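Have a look at the structure below before the remarks.
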Number of protein chains: 2
Amino acid sequence: MSAISYELLQQDETSNARLGRVTTPHGSFDTPAFMPVGTQGTIKGLLPQSVADTGAQIVLGNTYHLLLRPGSELIAKMGGLQDWTGWRGPMLTDSGGFQVFSLGNLNKIDDDGVKFKSHLDGAEFHLTPERSMLVQEQLGADIIMAFDDCPPAAVEKLNPRNVADSPVRSDSARTQTAEPAVMTPAEYAKRVEIANERTLRWLDRCVKAHRASGRWDEQGLFGIVQGGTDLDQRTFCAEQVTQHDLPGFAIGGVAVGEGSDEIRSVVEHTAPLLPSDKPRYLMGVGYERDIVAAVRAGVDMFDCVLPTRNGRNASAFTSTGLIRLKNAKFAEDPRPIEEGCDCVTCTGFSRSYIRHLFQANEMLGGILVSLHNLRHFQRLLLDIRGAIRDNAWSSLAERWPVAFPAGA
Amino acid sequence: MSAISYELLQQDETSNARLGRVTTPHGSFDTPAFMPVGTQGTIKGLLPQSVADTGAQIVLGNTYHLLLRPGSELIAKMGGLQDWTGWRGPMLTDSGGFQVFSLGNLNKIDDDGVKFKSHLDGAEFHLTPERSMLVQEQLGADIIMAFDDCPPAAVEKLNPRNVADSPVRSDSARTQTAEPAVMTPAEYAKRVEIANERTLRWLDRCVKAHRASGRWDEQGLFGIVQGGTDLDQRTFCAEQVTQHDLPGFAIGGVAVGEGSDEIRSVVEHTAPLLPSDKPRYLMGVGYERDIVAAVRAGVDMFDCVLPTRNGRNASAFTSTGLIRLKNAKFAEDPRPIEEGCDCVTCTGFSRSYIRHLFQANEMLGGILVSLHNLRHFQRLLLDIRGAIRDNAWSSLAERWPVAFPAGA
């Protein structure tokens, strides 16, 4: 028996979108779902109860960061990541692979795994498929991810507008510390092919290791489809990954520097290749328009750091786009961030007050905007689920213009 | 009719301690009361509801900081400090005087008032008794404080043990940016005498200005007794200040660098000189032992930044003393900060997790310890009120050893 089960509640009439529910050892969550990201064992600045109050039913933890500090053995000894951090609901951990490549100081990459030095203190680590499984078993999340090789976008293939416009990967230290690779089309094709083959060999080892751990029934392992922007490679990888009888599948290697149109093309191609009786997870996406497009392609789960990262920078999401609360024009604006929003921020605090908090370097500013932004995405997902249930896409588009840009 | 009324509920049988209730236009609070400090219009890192959940019934705002940024006119336009910050209960503002002397770059002090430059950007300000009243009227708190001249402690009078041990003034930028003055006893006596005379002349002007404002019935003005550690000067000042028919009186100029024994001596001398039918407020104090001693001397109100400032530095208050949560010995400690504490931190998070948050520079660490520390002081005050009601001082001493040091 798997740790994770998926119940399909309703199939949309006009798209591949579907309403569902995923059940885990720590409870259920409604899909399509948006997962806030708790990189270092905390969603920055927020009590777990405050996160739950935004409507989040599942959160994500980052294996790489927790492996480095404080270490997964310590967390296991303290009862696992959920008990330790006070998040009582479902949780998912990534494999650590993405950040090893983007944040770590790499020493050696081969088919066995990756040797790297911590970006914090230079300490040496060795991460392999088996070790990623062990670490995630020690962290103890309900859903764990296969250790994969995620190639960067090939930057020369993109036009400048798309690059500037491209979504930020949820755990995108990469967007801060490393540039997308500059490769010829032939070099990119080769890189994607190698990553795909490695991802598949590593998946075999992840499955074997996790089965041997005795925790198969407690933690559900999701496989990840790579393939970059090459749709044939996506097809090949999806066929191979879905040979494994896993409780869920993810689309990885997306939002790593490519544009919104390419994200959409990959997702619309790949999502239908994944089993319809299992949850489908699009890793690290993203903006509202990308989420809506992916839901209509059949995706069930999302994660992104944007709500909290933007929140700490005073950028607030609204149904018509981002507003920057440090702007002087908000100094005497008595309105909430968004009229009609039911979050703790919008029901209690003005733009004027929030701007003051940022001007005065008060951490409550970042906290209030993070809470609003998290609720913004939960409200969007709530309305998306409503649109599927009631076939009400046109009223969704009216309420969320930001998610339906002209021409999309 | 005054904006503030005091109801004496019970007089302790064994000391001057008393149980009471203060009623303001924004509701009542039980006394003895402890007020958390919200310097820049926020109790750092905490939602107002979280502060209320610790048991705080009244909070303090700092006039100096808000005058500089964003300015009191703006706050008045936005509906006043309570509406703007989302704190719905009673609030008190200080006069700005203490921080002008400790933080501002002084240009000129005379009997008219103080000219100074902002420590933030060098902007010039002029604060006088009339202007302090106007600013506090614009902020709109229920209790406002007279503009006074608060002399520093004379450091050479103290022995080193007491200096190291001395409590931190609640708004004690002074302890960070300025040293206590080094003066001969004669110089100190002169300084205290001048401050007292100035404080009394300024009080006359504050009373006149506040009466003329038309807000006498909406905001209660408290007078402040200065006099340093000179008990005769305290007597003289108390006699003069209490000539005014004000709804409450404060003991100022305490915890400015002198030792715990001197604080106690001043408070035990001065509190009984203040009218028993009005609340008595000891400004900027302090540690648990100082609060208990002051309550027994007849003090009703306290404020201090210690819970939140220490909280952000990982210092947690417990009934037996401070613990430093960054200490490596807590890395695998599964216990809460304090067994039996009912705060949100102690009921949900371990010392191990909180230590990790500080190690990882996560702001949730400071938030969790601030919440615990605020609840610590509210629990102490709750137990103090219980001790007065039930004449149960010995059981209070058993539960709070930190507040009853040996020999005190």
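From the backbone N, Cα and C atoms, a Cβ is placed for every residue, glycine too.
TrEMBL does not curate its annotations; it predicts them automatically.
Keep in mind that this is a model prediction, so the values were computed, not measured.
Which of A:53-59, A:95-101, A:109-115, A:284-290 counts as region 'RNA binding' depends on TrEMBL, and there it is A:284-290. Site annotation for substrate in TrEMBL covers A:Asp94, A:Ser95, A:Gly96, A:Gly97, A:Phe98, A:Asp148, A:Gly253, and the matching candidate from A:Gln219, A:Gln226, A:Gln233, A:Gln240 is A:Gln226. Going by what TrEMBL states, the Zn(2+) site holds A:Cys341, A:Cys343, A:Cys346, and the candidate of A:His356, A:His372 recorded there is A:His372. TrEMBL lists region 'RNA binding' for one of the ranges A:23-27, A:128-132, A:308-312, namely A:308-312. DSSP classifies A:Asp94 (active site, proton acceptor) as coil under the three-state reduction. Averaged across the domain 'tRNA-guanine(15) transglycosylase-like' (A:16-157), pLDDT in this predicted model comes to 94. Mapped onto three states, the DSSP output places A:His372 (Zn(2+) binding site) in helix. Using a 10 Å radius centred on the Cβ of A:Asp148 (substrate binding site) and all shown protein chains, the other Cβ atoms total 30. Across the residues the record lists as binding substrate (A:Asp94, A:Ser95, A:Gly96, A:Gly97, A:Phe98, A:Asp148, A:Gln226, A:Gly253), the two Cα atoms farthest apart are 15 Å from each other. Nearest by CA distance to A:His372 (Zn(2+) binding site), out of the recorded positions A:Asp94, A:Ser95, A:Gly253, A:Asp303, is A:Asp303. For A:Gln226 (substrate binding site), the spatially nearest entry among the recorded positions A:Asp94, A:Asp303, A:Cys341, A:Cys343, A:Cys346 is A:Asp94, judged by CA separation. For A:Asp303 (active site, nucleophile) paired with A:Gly253 (substrate binding site), the C-alpha to C-alpha distance reads 13 Å. Residue counts for the region 'RNA binding' (A:284-290) under DSSP, helix first, then strand, then coil, are 3 helix, 0 strand, 4 coil.
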